[in-house]
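Novice: According to TrEMBL, the record shows the following:
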- 26-43: transmembrane segment (TRANSMEM)
- 55-78: transmembrane segment (TRANSMEM)
- 98-119: transmembrane segment (TRANSMEM)
- 131-156: transmembrane segment (TRANSMEM)
- 384-481: domain 'Fungal lipase-type' (DOMAIN)
Amino acid sequence: MPGMIAFGRRWGIASDDLVFSGSFELFVRVLWWIWTLALYTLHKGKFDCSGGRVLHSYLVVLLVLLAFIILSLCAIVYVSAQGTITNPGPRRSIPVLVYVRAMLYVPELIWAILGAIWVSDDSRGCEPAEVGAVIAAVVASWILLLSTGVGVLFVFDPLGSRLPGPPSQEQLGVRDLESSEGSQLLSTARSVAVRVWESRLRLLCCCLPQDESHRAAFSSIAQLVSGFFSDTDLVPSDIAVGLALLHQEQDKKEQCRDPDEVLSHSPSSPIAEDLEAELEKAAHCMQFAIAAYGWPMYVYSNPLTGACKLSGDCCKTQSAEYDIVGGDNMGCHFSSILHSTGLQYRDFIYVSFHNQIYEIPFFVALDHKREAVLVAIRGTLSLRGMSQAAGYIYKKLLNDGILNQAFTIAPEYKLVITGHSLGGGTASLLAILLRSSFPTLQCYAFSPPGGLMSKALAEYSKDFVVSVVLGKDLVPRLSYPNMEDLKRRILKMVSNCNKPKYRILLQGCWYELFGGDPDDFPTEMDRREEELSQPLLGEETLLIRGSSSYQSLASEDSPVHCAHLPLYLPGRILHITEDGPSRRSCFSQVRYRAEWSSETAFRSVLISPRMIADHMPDAVLRSLHSMTQDRPFNLCPSSLSNSHLNVI
C-alpha cells in the first residue's frame with residue numbers, strides 16, 4: 001500500500017497502519033477517562049478550595065475532550081482495519097479522520113497548559129489527593145503529546161513532499177521517460193534520496209568519527225540503499241508483511257517438496273575424509289577470525305568470565321608490546337587475542353588496530369599447531385571498500401616486509417588467511433592477490449558476503465578458498481540480483497494477499513514465536529466473485545514504471561538475475577545446517593551437519609528468525625566445535641529456525 005497522503009505530503013505509514021497504534025492509544029485513553037470519571041465522581045460537590053471551581057471545570061472539560069478523542073480513535077481503528085493491502089477503498093475516509101484527530105490535539109494542548117497553571121497557582125488549600133490527581137492528569141497529557149510528536153518524527157518522510165511534477169506516465173508514454181525533463185526530475189529525486197539516507201546513516205553511526213573516509217563510506221552505502229528503494233512506493237509495514245508472507249510461503253514449499261539430494265559419503269570415502277579435515281581446519285581458523293574482533297567480541301562470547309579475565313591484563317605497562325600493537329591504548333584488544341588464540345606474545349609478527357573505513361585491523365601470527373603463518377582480518381564497514389581494504393593489507397604485508405619477517409622465522413610454514421563476514425570477503429580477495437607469490441596459501445572465509453566474485457574468479461578460487469556458511473545466514477545471500485528478486489517477490493506477495501494487514505502481522509508474529517503450520521493466505525484472485533469497492537492496486541502501482549523491478553514483473557520466468565552480472569561466493573562452499581526437527585524446545589540438544597554446497601544454493605534470500613543470528617561469529621564457532629568435538633550444544637534461539645534449505 002502506498003504511503004498515506006495527508007497535510008499535503010506523503011508519510012511513512014499507510015492508511016491500514018493505524019490499527020495497532022490507534023488501539024494502544026485507545027486503551028490508554030479509555031483507562032484515563034475512567035480514572036478521571038472516578039476522580040470527578042468521588043469529589044463531586046466537594047470542590048470547596050480556593051481553586052475548586054477551576055478544578056471542577058478542568059475535570060468536566062477533560063472528560064468531554066477525552067470522550068471525543070476516544071470516539072475519533074474508535075473510528076480510526078475501525079476504518080483502518082477495513083479492506084486489504086491492495087484494496088484501500090474502504091479506508092478512503094482515513095485522511096479526514098486523521099485531520100479530526102489532529103484538530104483535537106489543539107484543545108488538549110491548551111487544557112494541559114491550563115492544568116499546569118492551576119497546579120502551580122490555584123491549588124492552594126485543596127486536598128493533596130485532588131492536587132496529586134490533577135498533576136497526574138497533566139503529566140499524562142504531556143507524555144501523550146510528546147509521544148505523539150515522537151511518533152510523527154518516526155513516520156515523517158523527508159522525501160514525501162508533494163511537489164508539482166510532470167503529467168502521469170500514462171499520459172506521457174514510455175518514450176517520454178527518457179526526455180530531458182524526466183531525466184532531470186529523476187536525477188534530482190535520486191540525489192535528494194542519497195542525501196537523506198546519508199544523514200540517517202550519520203545519525204545512526206553518530207559515535208563514529210566524522211572524517212573524510214567515514215563520510216565517503218556513508219555516501220557509498222547511502223547510494224546503495226537509496227537506489228534499492230527508489231523505485232518502490234512501500235512503507236515499512238508493507239515490507240514486514242511481505243517478509244512474513246514470504247517466510248510462510250517458503251516453509252510451505254519446503255514441506256511439500258521432497259528432501260534435496262545431498263552428497264552422502266561413507267566415513268571411509270575420500271570426500272568424507274576431506275570434509276572432516278576441512279571442518280577441523282575451519283574450526284581452528286575460526287578462533288583466529290573471531291579473535292580479530294578484539295575484546296568486545298571476547299566479552300560477548302564469554303559473558304560470565306570474559307571481563308574478569310581481561311581486567312587483570314588491561315592497563316598494564318607493556319611498552320615493548322605497543323611497538324607492535326598500535327591503536328590499542330589500554331591493551332585489552334591484544335589481551336583478548338591472546339586468550340582467544342592461546343598463542344604467546346612472541347608468536348605475533350604484526351598486530352594492527354588501526355581502524356579506518358578502508359584500513360582495517362588485522363594481525364599476523366605464527367600458528368605452530370598448524371605450522372602456518374596466519375593472517376586474521378577484521379570486517380570493514382563498507383561493502384565496496386573490501387577491495388580497497390584487501391589492497392591496503394596486501395601493501396602492508398609485502399611492502400613493509402611483514403611476510404618476509406614471518407617466513408624468515410618459519411620458512412617451512414604455509415600461509416593461511418582468514419576472516420569473518422566482510423573480513424572474510426576481504427580475506428578471499430587478499431588470497432587472490434597473494435596467490436601468485438604464495439601458491440600453497442589457503443583461505444578460510446567465514447560468512448562472507450554474497451555477490452563478491454565473477455563466475456570465473458569463483459571457480460579459480462576453489463583451489464585455495466573455503467567459504468563457511470551457517471544455516472540461513474543473510475549476508476552470504478546478499479547481492480544485487482538476490483535483493484532485486486526479493487523485492488519483486490515481496491511486491492507480489494503483498495499485492496496478491498486479500499487479508500487485512502493487521503491480521504497478517506499478528507499471525508506472522510505468532511508463527512515466528514510459536515511455530516505451527518504455515519498459513520494459507522488466499523489471494524485477491526480468489527475473490528473474483530466479490531464486488532470490490534475500488535479497483536485493486538496491483539504490484540505495478542507500487543513501482544515506478546520503467547524501472548528494473550517493474551520490468552521484472554512481466555514474467556515469472558524472467559528473474560532479475562539477468563539485470564546484473566551474477567556474482568558468487570568465493571571458493572568451495574561448506575554449508576552447515578541444523579540436523580533434526582526445525583523447531584525444538586529451548587533445552588533440547590542441537591546437532592549440525594555439514595556438506596559441500598554449490599553456489600546456486602545461495603541465489604535466493606531465505607527468510608527466517610535465524611537469518612541474522614546465524615551470521616554471528618560465536619554461533620559459527622559453536623557449530624564448528626559441535627561437529628569437530630562430536631558433542632551437541634544447547635542453543636535456545638535455534639528452536640525458531642529451520643534446518644533445511646528452502647528456496648524463494
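Residue numbers in this text run from 1 along the chain shown.
Glycine too: its Cβ is placed from the backbone N, Cα and C atoms.
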Novice: By Cβ distance under 8 Å, which residues at least 6 away from the ends of the transmembrane segment (26-43) in the same chain are close to it?
Specialist: 59-60, 62-63, 66-67, 69-70, 73-74, 77, 127, 130, 133, 137, 140, 144
Novice: When the domain 'Fungal lipase-type' (384-481) is classified with DSSP, how many of its residues are helical, how many are strand and how many are coil?
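Specialist: The domain 'Fungal lipase-type' (384-481) comes out at 47 helix, 19 strand, 32 coil.
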Novice: For the domain 'Fungal lipase-type' (384-481), what is the mean per-residue pLDDT, to the nearest integer?
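Specialist: The average pLDDT of the model in the domain 'Fungal lipase-type' (384-481) works out to 92.
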Novice: Residue list, the transmembrane segment (55-78) vs rest of chain: Cβ under 8 Å, 6 or more residues beyond ends.
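Specialist: Apart from its flanks, the transmembrane segment (55-78) reaches 18-19, 22-23, 25-26, 29-30, 32-33, 36-37, 39-40, 47, 49, 94, 97-98, 100-101, 104, 107-108, 111, 114-115, 118, 122-123, 126, 130, 134, 137.
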